[in-house]
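Asker: Supplied in structure tokens, the structure appears directly below.
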Amino acid sequence: MSSFSSGSFWVNSIDALEQPVYCTSRTGTTCSTLAAFLLAVYSRYLNMADANLFCPDGQLGPDMLLKFAQSQADYILGRNPKSMSYLVGYGWNHPSRVRHRGASIPSVFVLPSAVGCIEGFDEWYVSKNGNPNVIEGALVGDPDRRDEFYDDRCKYEQTEPSIAGNAPLIGLFAVLDSLAGDRGYDEKKSAESHRTPAGE
């Protein structure tokens, strides 16, 4: 298959799994994690239905969709040209200047005086130092089209986390974990064993 495209994201080839789903707007990881989550869920549906996804250039089996979804999770966690995890606190190389007020200004236990908007901006926002508080599990934005990522609070499109990006990532992790947990698990048999007999 030579291409896999949609209005809001693209990838050169579904076989080129080292490439992230790239979103053309400021949605960044929101788009890529949501696309990966939906593909993982859809792959489970196709597997249960013993079916394939038919595209103009050919067919994609459930395993291929799941492999692609897994590649997006791997990319986010550090299997990328920068060897950088875009999930804060995960791995040895993750963003340290996340655009988040609670992360970039010291805790009240360290700095008991109130920090107003002006002081927060002048003293902490523009600081080149890493954040004093690590917001573990926050997913920051995507690298650019050239796989460049600038760990700079001023680059909000790359360093700002969002619930909209984290939520589908948790869903993606849940799907992948459920499939990896027990290699002997047969999803089709499980579904059949949980059906309620007619009339009950």
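Every residue, even glycine, has its Cβ placed from backbone N, Cα and C.
Automatic, uncurated: that is what TrEMBL annotation is.
Heads up, here are the entries from TrEMBL:
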- 32-172: domain 'Glycoside hydrolase family 9' (DOMAIN)
- ASP151: active site (ACT_SITE)
- GLU160: active site (ACT_SITE)
Asker: Check each residue in the chain of GLU160 (active site) that is at least six apart in sequence and keep those whose C-beta is under 8 Å from its C-beta; list them in sequence order.
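Answerer: Result: VAL98, ARG99, HIS100, VAL140, GLY141.
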Asker: Calculate the per-residue pLDDT averaged over the domain 'Glycoside hydrolase family 9' (32-172) and state the result as an integer.
Answerer: 90
Asker: Tell me which residues of the chain lie with their Cβ under 8 angstroms from that of ASP151 (active site), as long as they are six or more apart in sequence?
Answerer: PRO95, SER96, ARG97, GLN158, THR159
Asker: Which of the three DSSP-derived classes (helix, strand, coil) applies to ASP151 (active site)?
Answerer: coil
Asker: According to DSSP, does GLU160 (active site) fall in a helix, a strand, or coil?
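Answerer: GLU160 (active site) sits in coil per DSSP, no helix or strand.
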Asker: Summarise the domain 'Glycoside hydrolase family 9' (32-172) by DSSP state, stating how many residues are helix, strand and coil.
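Answerer: Breakdown, helix to coil: 60 helix, 8 strand, 73 coil.
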